[in-house]
Every structure is written in structure tokens, then in C-alpha cells.
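Reading through the C-alpha cells given below for one structure.
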Amino acid sequence: MHSKILILDFGSQVTQLIARRVRDAGVFSEVYPYDIGDDFIRSYGAAGIILSGGPNSVIEGDTPRAPQAVFEAGVPVLGICYGMQTMAAQLGGKVENGKIREFGYAEVRARGHTALLNGINDFVTQEGHGMLKVWMSHGDKVIDMPPGFKLMASTDNCPVAGMADEERKFYAVQFHPEVTHTVQGEAILGRFVHEICGCKSDWNMPDYISEAVEKIRAQVGSDEVILGLSGGVDSSVAAALIHRAIGDQLTCVFVDHGLLRLDEGKMVMDMFGKNLGVKVLHIDATDQFMGHLAGVTDPEQKRKIIGREFVEVFQREAGKLSKAKWLAQGTIYPDVIESAGKGKKGHTIKSHHNVGGLPETLNLKLLEPLRELFKDEVRKLGVALGLPHEMVYRHPFPGPGLGVRILGEVKKEYADLLRRADAIFIEELRKTVDEEGKSWYDKTSQAFAVFLPVKSVGVMGDGRTYEYVVALRAVQTLDFMTAHWAHLPHDLLGRVSNRIINEVRGLNRVVYDISGKPPATIEWE
Ligand code: XMP
């Protein structure tokens, strides 16, 4: 049995990042709510406990506190931000409402040569002080350390930016080591789990799979589960994982709305049906979707129709699987944050259609085994589960599919032309590699063709043509919130254009989109 770190969540937006960093250090960790109770803490068997940040103030009466058992478990404890403040307050120190809020970049001086920070710094000042570049976000601050603690870090604004009771192995930092802006954050959390808690790097993807499989089995028992498979990375990895756990108790429903990429249906059926032996129902609902989309040109309206029909088809098929008690979804951690933030966010730029909205109407329990993972972890998991690298590292594809890449009214004829142009573009991006062997497909975050329902004049052979236009779009981005257009080599663009015009009858012009996001979005609708 490997050692484990218990993370108690006080409601910070970035708590899962702590878990993520601990996993990156090769150590198993789990996140539980701060009020999980003393008995749980006593029986959990953690090698160390981390208290997360949170939005509250410890000096306002009835705000969250760590269970007393945390400080009596005899294991190292690391408090982060609110976690530090509650530690201070609970152990006899004093917290005050800071006059100046501190938010963002800060330089912290490490002090006291503690086991946590010793030798870790970003630079050393002329006076010889080791300094850390960190990310801070707090209003309150500790002004008196509890008995037994010594100073571990400070800034001008925040004299107690870190404190430690090395006897009891209690450490606390006001800054956030879990975010990447804290340059040495990974080193600090690694130091805590490895050296202070004594955990080995003994947790890896195969272990994760066996734990996740056990969890799914325990949750589901002998019930049946259905999953809406889109062919995207998240639902595919969820399907492979759940299938590993419960085999034929899982049925996947793959709804083909007629707006998929070239050969996508076949690829999904081959991969899951033939190679992995997963039960997949392939529902060809092209006519239903095209029928409802006929005559509709407004992008949001199109999205709503596609979302609504998707639910309708899924519900109809699910109704036939009368024994299913669970609906599985490939929700990943960033989706969880995004939906938690809804309502705060101002107006909708585009309504994103996912398989959301299904649970209430279907009366099924939700199974979301990827809820705690980040995208790159999901990809590693997919590879470890035997999904092909090419599939797992695919660019994202929106739920409404080509429906938002055919401007204005969606017609089957347009979708057929677009599918072929898009496939040529992707094929050339995959084929064109740099000196290091990296393809332009891997160097871009998302690339696709867009169908423009306007005709322009061309000349082919001796004849005049009057045909449709496609635009090529390729972007580079880390978070898809902002993006740069990709500077694709001109000869690559030239090849793609030639091939599209020569091979796809009905298209005679190709243009390249050179708009960034903002002000443009990645998709055209
Ligand atoms: P935009 O176009 O808003 O896209 O810059 C950002 C990312 O989101 C994807 N996207 C969608 N995904 N349903 C989805 O599941 C949608 O309706 C949708 N619209 C955009 C887009 O492909 C890009 O990766």
C-alpha cells in the first residue's frame, strides 16, 4: 500500500492544483471537504495533511476550522493561505484583517533555514537572503505566531508569510505553492511530501487506474451504466476506464448527428467496438438533425437545436436500456471549475453544448470518474488504458461539430464538402514535420476548415468555375481563452490549398484566417 496525502479543502479555486502537484511528485493524494470530521481523519492513515486556501476570513465568527484531529494525528501538516490562518488561529496565534490586500506576484524572503524551504530559492540578494518568487492572494494575515512556531518567510507587507513548528512538523505559507506562478512551488510541495512526510514516489498511472477501477466497482456494484460517447478525448477515456472496471455493464451511445469529421463514426466504432470490445450503439441521426436545422441560420439557435436533439436521441436510446441506473460522463476538472464559476461570469459569449442537462430528465445517478483530473492527466490515462496516441492527443472538437463550422444554414451537401477539405488540411498538418520530428498538427492547439456559403469565381482548365470557399483556421493557445493564429509555413498552406481545390469538386478557393482571440473567437460561430 502506498502512502497518501490528505488534502482538506476550504473552498479555494485552486485546491485541485495542490492534488495535481502532489500527484506530479509521484505521491497519492485525495481531496476531502474540511469538515469531513475527526473520526475520518483519525482512521484515514495520511502520511501528511495539507490545508487548502479558501474565500473566508478566520476572524469572522463562524467560519471553517480544521478538525482538531488534524493537529493531533502526529503527522506533518502544511497550511496554505486560509489553511495557514486557521492553523494560526486554532493553535493560539493571532490573525488580523490586513489593511492592504495583497494579490498577485510577490517576492518572499525565506527565513530560519526550515526543512521546508532550506536551499530552495529563486535568487539570492546582495545581503545573502534567499528569495522566492510567489503568488499571493489574501486580505487577512497572521500577526502573532502560535507558541512553538518560528518565522519561515516574510515580505514587507506580510511579516509572517510563512511559519513553522519543526518539532511537530507543522508548516504554513501565506502564498500559494500550488500555482505555477510560484516558481519553486513544485519544489516546495515535493519537499513537503517526500522529505517531511517521508512519502516515496510510488504512485503512477497504473496505480491510478487500479484505484479508479476499484472505486467505480464499489460505486456501481452490479448496476448498468450508459455513457454518451462523442469520440472526443474525455468521453473516450472515461469509456475506456469504466469498461476496464465493469466490462459489459457499460453501454456507450454514440450519436452521429451528421456533423462529424470524415470517417469519425467508423474510427470510433473500430476503436471501441472492435479493438476494446466495448458495447457501443451507433445511432445515425443525420436526418433528424438535418431536418431540424433546415432553414436555421442563427448560430445560437443552431447550437440550441443540436443540443436539444442530442438530448432527445440520447434519451430515446437510454430509455431502451431499462436496467441502466447510472449516466457516465467525461467531466474533467476544468469543466467543474467552469460550471462552478457560472453566473458570476457575465453574459454568455457562446453557449457551449456538452452532454449536460441530461441527468435530471433521465433520472440516473452520475458517474464522473475523471472529475479530478486535468486534461494532460486524462491524456496520459488514456494512453495507459491502451487508447491510440493519435486519438488521445487529438485537437478538441466542439459538441455541435461541423454545425458551427458551416456558416449560416447547415446542409448535408456543405457538410460533405467541408469534411473532405478538413481531412486534407489535417492530413497535411500531420505529415509536415520540423527538424525535431514534431508535426504542425502537434505544434497547433486546434486546426480545422470552415465552410463559407458564398461562391466566388475561378478558372480551372479552360472553364470558368463558380464555387464555394473554405477558410483554414489554425491556432496556438494554452487555455483556449486567448489564442494566436498559427504562422504555418507558406508551402504547407500552398499544398493544402492545391489539394483542396483539385480534390474537392465544389470548392475553388481557400483562404487563411489570421485573426487572434480576442477579438475573434477560435470557432467562426
Ligand atoms: P471559441 O470559439 O469560443 O472556442 O474561441 C473555445 C474552445 O471551445 C470550443 N467550443 C465548443 N465546444 N461546444 C463545445 O463542446 C461548443 O458549442 C463550443 N464552441 C466552441 C472550441 O472548439 C474551442 O476549442
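Using N, Cα and C of the backbone, Cβ positions are placed for all residues, glycine too.
What TrEMBL lists as active site, nucleophile is Cys81. If you take the C-beta of Cys81 (active site, nucleophile) and look for same-chain residues 6 or more apart in sequence within under 8 angstroms, you find Ser12, Ser52, Gly53, Gly54, Ser137, His138, Val173, Gln174, Phe175, His176.
The feature active site is assigned by TrEMBL to His176 (among others). Classification of His176 (active site) by DSSP places it in coil, neither helical nor stranded.
Residues or ranges marked as active site by TrEMBL: Glu178 (among others).
Long-range Cβ contacts of Gly231 (ATP binding site) within its own chain (separation 6+, distance under 8 Å): Phe254, Leu260, Glu264, Met267, Val268, Phe397. Per TrEMBL, the feature ATP binding site maps to Ser230, Gly231, Gly232, Val233, Asp234, Ser235, Ser236.
Annotation comment: TrEMBL describes 203-394 as domain 'GMPS ATP-PPase'.
Put simply, Glu178 (active site) is 27 Å from Ser235 (ATP binding site) when counted between their Cα atoms. In terms of local Cβ density within 10 Å, Glu178 ranks first among the recorded positions Glu178, Asp234. Annotated ATP site Ser230, Gly231, Gly232, Val233, Asp234, Ser235, Ser236; additional same-chain residues within 8 Å of its Cβ mean position, judged by their own Cβ, are Leu229, Val237, Ala238, Gly330. For the binding-site residues Ser230, Ser235, Ser236, counting C-beta atoms within 10 A of each C-beta gives the highest total at Ser236.
Every protein chain considered, the tally of other Cβ atoms within 10 Å of the Cβ of His176 (active site) stands at 23.
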